[in-house]
Amino acid sequence: MSDRYAVVGNPVGHSKSPEIHTLFAQQTGQDIEYTRLLAPLNDFKTTVMRFAGEGGHGMNVTVPFKFEAFDLSSQLTLRAKMAGAVNTLRFDGAAIYGDNTDGAGLVADITRNAGLSLSGSRILLLGAGGAAYGVMLPLLERKPDFIHIANLDESKARELAGRFSAYGKIAVSSYGALRERFDVVINATSAGLQNAMPPVPSAVFQENTLALDLVYADNPTPFMTFANRYGAKVRDGFGMLVEQAAESFCVWRGVRPDTKPVFAFFGR
Ligand code: NDP
């Protein structure tokens, strides 16, 4: 019988993870079955424990359960501990291993797919929610010059900076105080989901700035359109999605698949 995996969320119908992991399995010759699992909003734990009890090997966790998955894990990787959230579960006997591959996925998309070395770069991170927490450690491990965080609620940005201050140089300000130019601007706000954008000034972009929106969209988000107008090269969050899936696949199966055929499959 194939080893069983699933993506669990609510909603989960839109998730591309089953297609992505099935392509990875075909490419690497791994015998797995990967499905979508809708968990009731008030009963994530039962859904996960039932899947594990029936022999499931691992799960990807999506909105809104990444914090509950963190609480459910009996062991956590450092990146999951620092993120305070789990997007990858691995079951082994009674143990539940929790990991967070979102940040590694973003770094892989920037370095492998966009071809940019993050070492010595000036990074602007917009937002201080769950996604921002997930990407901080993997970004700092690439030794950027510094990360500057801007958020509408500045106290949340300071809290985020405080958690990671031991890992590198981090600055915080309001959007209005942003004056300098950056090499990489990451939109980790959820503004794009409402077809809006954070109030970032055009002064942060220069020619060759990489402007990356974590939201994945068929059409450019307002942030991408704005950044492009001021000379930035733009990407949406599709690359991060595929790369975090490759990282999760590696956590489970010990082999990191080539992501290029997946981009081609989705016409990217
Ligand atoms: P959260 O709800 O935890 O945080 C939302 C953040 O967005 C907060 O910092 C909030 O600011 C800010 N925000 C919301 N609306 C606006 C606005 N109109 N203008 C400026 N800031 C705004 O969400 P997540 O961090 O979990 O998710 C953020 C995005 O990242 C989502 O769109 C999600 O789809 C995407 N994502 C993509 C992944 C991928 O693989 N591509 C993986 C994970 C997430 P404040 O605190 O001031 O309210």
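Cβ atoms are placed via backbone N, Cα and C, with glycine included.
All TrEMBL annotations are machine predictions without curation.
The candidate list D43, D102, D109 contains one residue that TrEMBL assigns to the shikimate site with S15, K16, S17, T62, N87, Y216, Q244, namely D102. Of the residues proposed, L106, L152, L212, L214, the one TrEMBL records at the same NADP(+) site as G127, A128, G129, G130, A131, G237 is L214.
Taken in sequence order, the recorded positions S15, K16, S17, K66, A128, G237 that lie near ligand 1, meaning a CB under 6 Å from one of its atoms, are A128, G237. Looking at the residues that bind NADP(+) per the record, G127, A128, G129, G130, A131, L214, G237, the two CA atoms farthest apart are separated by 17 Å. A straight line from the CA of A131 (NADP(+) binding site) to the CA of D102 (shikimate binding site) spans 8 Å.
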